[in-house]
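Q: My questions will all concern the structure given below.
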Amino acid sequence: MSILGVPSIFLKHFWTIKITLIPLRRTRMESSGETTRISIVDGTIDPPPAPVRTTRRTEKAPLLQRKLFSSLGGLNGIINNPEQSGYTEFGNSTSSNSGGASTSSSSSRTLGTFAGVFCPVALSMFSALLFLRVGFIVGNAGLLWTLGQFVIAYSILTFTVFSICAISTNGAVEGGGAYFMISRTLGPEFGGAIGALFIVANIVSSALYITGCVEGIVDNFGPHGSVGDFIPNNQWWRFLYCSGLNCLNLVVCLIGASLFAKTSVAILTIVGVCLLSVFASYFQHGDFEVEFPSNPNDTGLFTGFNGTTLDQNLHSNYTVDYTSGQQVNFAIVFGVLFSGVTGIMAGANMSGELKVPGKSIPKGTLSAVGFTFVVYVLLSILTAATCQKVLLQNDFIFMMKINFWPYFVTVGIMTATFSASLSNLIGASRVLEAVAKDDIFGSMLRSVTKGTTESGNPVVAVLLCFFFVEMFLLIGALNVIAQLNSVLFLLSYFAMNLACLGLELASAPNFRPAFKYFSAHTASIGLVGTLVMMFVINAIYASMSIIACLVLVILLHLFSPSKSANWGSISQALIFHQVRKYLLLLDSRKDHVKFWRPHMLLLVANPRGCSPLINFVNDLKKSGLYVLGHVQTGDFDSMDSDPMDNYVHWLNVVDHLKVKAFINLTVARTVREGMHHLVRISGLGAMRPNTIVFGFHDELVPVDFFVNKGSDRFKDHFPLRAPDNKLVMEEWIDMVKDVIRMNKNAVIVRGMNNFDKNLISKTRNMFIDVWPINFFSGDANSLMDTTSLFLLQLACILNMVSSWKHLTLRVFLCFTNNTDQNREEAADREAELRRMLQILRIKARIVVVPWENVLNLQVSSGEPMVDSSPQWPVNTIKKRYIEGVNGMVREHSISTAVTFMYLPEPPLDSRDYLDYYARLKNMTEGVEPCLLVHGVSPVTSTSI
């Protein structure tokens, strides 16, 4: 069964992909005979369109007049139709012209495999190498090394083509070719950087090939030319000839892709005929001498097929290049060879004009690579078997002189170089258009997007590229940067292999290329090969190109309007793959206390009212796990929508506050029940919270911390709660008790509303205070229990953060000095504390505080100082004693940035909750900010 001629199996695989077909396929309704449109997306049937009156074209305008001016005339349509600007991704096309008729993005796709891919790739890989450099390579490297170099070069190119084929057959490919594939895989920053360098490479290549074409024209038709003396020759005349050829390229590009395809096919046909004449010339009988261009008195011998000649040409014999005076070596020969065959992207650059890019790019590119490889191998063997080595080393255009009609080679040189320059110009314009439509460089290139015709021809991009080619022609000395040009091409191939290797290593289920000969091994070989070739050709240029690419990546990451474009960057897939792998390796059974770090779960009612607390806990986590947990209370069945839809807004909060935190949201009937959810399900594997942080239950009115600049996007989210809509005290204490029962460390934070981190970072002589004593037991000797050590650990961690390093950590030691024995015990405890801090590597100042006056408010003289239970019953703790403790702490906290205090365990009997809460409130009143801490597991280690 099929729908609109599309097999049902196709629809089965692609039904879930949101696509738009414009114009929609038409089918006849058998009942009415009317034309009807059926939407594949939603299955709806549109009413038949109004009849459209058509007129038959009868004018007989010349091709240039009709196509050029109709192409330019389409500019008005695109400028007045802004919906067509903006680059599409994976088949999403735009529609609706001014007349209301639908237009298809495929209407501008006119090229098939042969004209759109095979011809441009074959011509680009022939370029000047085919007729001008084969003798140079064979004469210096020898036949064996020449064949070896071709095998190496083509192996690297073939593996890179495999990567191109894999990406191009894994989804719809829009215009932009290599840039589109790289940017949609590696992201806008890397894609934009490679795209910019690729545009420069194509522009310089176009100028280089135009220069080569002009040199061929002057050498044949200029003064002392081999054909005749028909044209003048000097620097400015050459520039004029180059400009003329550049203008011819411009005209072809302005007419559009169809003329380019016809031109490419015609030029490849001409080059093929010239190539056949060269092959035929090798089969001439007899031998004859050929004069050297550098010295006509010296000659080399064309021997015809001769075993001795072949034997002499088997091995390498590097000499001096007669055109430059430079000593030739393996790297130079291989650089010349490789730089001549780097045109494998010529077909991919035309992806926007190809009817079926996913089919044409692999087929056309691979067949062109195979065809040119066979041609070069045959040409090398025939050359080595018929021409003396001295001839090959001293006459690079020997093919013209041994040809039975030399003009064949002349025509071949000029057409091959001209076609390569045309291919590079049109490729540069298409990539420039794609980069502009993606808004990678912002306003710098936005004018380019307004200059695309209705048929899809990027006129403004073509004109810009033409202008830059003209500038490079005016600069001259293009041979100096020829190697840099090859390196830039190789850099783009490196990125292509990197993109494919990343997709393969990420094991993304949606990476299912139809091209089956690709693997991680082929991508790796292509990756390493292109990188090595960059440095073989020119190590300095390779280093400069890589540095330029990295600088562009950084600049685009910081300033590009498209830096947040959601194109599905491969980095996210690779990160997921690696994180998953290492999370499985992280075994909670192998945890050791010396590698302990705080994994924080901060319970947040509303981020609008607790931004300072979120920032503070971010400093306290010490590269540990940090989770912001929120409980939405209510009955899920009665809710209109899922409250978890706010998840994106919470992520925006994390970005706004610049904290390194995860978000975990849940729905529960009560906050306490929701807290159980969060404590148990937060984290993954061995990475789970071990410390739960609460805000203190107080009567303060919520403060809006999102009123500052940059918080406008939250104005419709996170409304502040009403003062009477808060957690009840009993449930809050139950939550603290539950956390301890779940064997999690508990931290209660009070007084963060007035916390100013910027003020602390600028102020000197401030302190981080630690009171490692349970004031609900009066035991001043409890310095070594779990909670006291946990207090010291958290304070030390905070003091290690860069913005808190300048603060001094103080540890308070309470003692009674009413007797000599007490004073001796206090001295011993101070020495013990100092020794403990030294063992734990905690740099802190010990402050000894006499507190017998405070303690006497709870324990009368003569009574034992410590009760037999872990702490006094809450209802026996006197208010005046707690107020005395509060006064003592406040007296020593005048210059304190934050205070850490011991959190007593909540009472088991809920009837004591009110007293417990009252004592905590009285003890911490005015001590802001203050952290009440209760530890349940060892967190310090003295081992190495």
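Placed from the backbone N, Cα and C atoms, the Cβ positions cover glycine too.
Since the structure is predicted, the reported quantities are computational estimates derived from the model, not experimental observations.
Annotation comment: TrEMBL describes 123-601 as domain 'Amino acid permease/ SLC12A'. Summarising the annotation, TrEMBL assigns domain 'SLC12A transporter C-terminal' to 612-698. The transmembrane segment annotation in TrEMBL covers 111-132, 152-173, 194-218, 238-260, 265-283, 330-352, 364-384, 404-427, 459-481, 487-506, 518-536, 542-559.
Show me how these features fit into the structure around them.
A: Across the domain 'SLC12A transporter C-terminal' (612-698), mean pLDDT in this model comes to 90.
For the transmembrane segment (111-132), the list of distant contacts is 209, 212, 257-258, 261-262, 264-265, 267-268, 271, 274-275, 278, 336-337, 340-344, 346-350, 353-355, 359-361, 363-365, 367-369, 371-372, 375-376, 379, 396-397, 399-400, 409, 412-413, 416-417, 419-420, 423-424, 427: same-chain residues at least six beyond its ends, Cβ to Cβ under 8 Å.
Same-chain residues lying 6 or more positions outside the transmembrane segment (152-173) and placing a CB less than 8 Å from one of its CB atoms are 90-91, 180-181, 185, 334, 337-338, 341-342, 344-345, 348, 351, 357-359, 361-362, 365-366, 369, 373, 493, 496-497, 499-501, 503, 510-515, 517-518, 522-523, 525-526, 529-530, 533.
For the transmembrane segment (194-218), the residues of the chain that approach it from at least six positions outside its boundaries are 127-128, 132, 176, 178-179, 182-183, 186, 225, 231, 233, 238, 241-242, 245-246, 249, 345, 349, 410, 413-414, 417-418, 420-422, 424-425, 427-428, 431-432, 434-435, 440-441, 465, 468-469, 472-473, 478-479, 481-482, 484-485, 488-489, 491-492, 495, 545, 548-549, 552, judged by C-beta separation under 8 angstroms.
Sequence-distant contacts of the transmembrane segment (330-352), counting only residues of its own chain at least 6 positions beyond either end whose CB sits under 8 Å from a CB of the stretch, comprise 108-109, 111, 116-118, 120-121, 123-125, 127-129, 133, 136-137, 140-141, 145-146, 149-150, 152-154, 157, 160-161, 164, 168, 173-178, 180-181, 198, 202, 257, 316, 318, 321, 360-361, 364-365, 368-369, 372, 376, 420, 423-424, 426-427, 430-431, 433-434, 456, 482-483, 485-486, 489-490, 492-493, 533, 536-538.
Through the fold, the transmembrane segment (364-384) approaches residues 113-114, 116-119, 121-122, 125-126, 130, 134-135, 137-138, 142-143, 146-147, 150, 154, 157-158, 161, 164-165, 275, 278-279, 282, 309-310, 313-314, 341, 344, 347-348, 392 of its own chain, all at least 6 residues removed from its boundaries and within a Cβ separation under 8 Å.
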Q: Using a Cβ-Cβ cut-off of under 8 Å, list the residues of the same chain that are 6+ residues beyond the ends of the transmembrane segment (404-427) and lie near it.
A: 120, 123-124, 126-128, 130-132, 177, 202-203, 205-210, 212-213, 216-217, 220, 226-227, 245-246, 249-250, 252-253, 257, 260, 263-264, 267-268, 270-271, 273-275, 277-278, 280-281, 284, 343, 345-346, 349-350, 397, 462, 465-466, 469
Q: Using a Cβ cut-off under 8 Å, which residues of the same chain at least 6 positions beyond either end of the transmembrane segment (265-283) come close to it?
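A: For the transmembrane segment (265-283), the sequence-distant neighbours (Cβ-Cβ under 8 Å, at least 6 residues beyond its ends) are 114-115, 119, 122-123, 126, 130-131, 304-305, 375, 378-379, 382-383, 385-386, 399, 402-405, 408-409, 411-412, 415-416, 418-419.
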Q: Which bits of the chain, at least 6 residues beyond where the transmembrane segment (542-559) starts or stops, bring a Cβ under 8 A of a Cβ in it?
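A: Same-chain contacts beyond the flanks: 188-190, 192-194, 196-197, 440-442, 484, 487-488, 490-491, 534-535.
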Q: Provide the three-state DSSP residue tally for the domain 'SLC12A transporter C-terminal' (612-698): helix first, then strand, then coil.
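A: Its residues divide into 38 helix, 22 strand, 27 coil.
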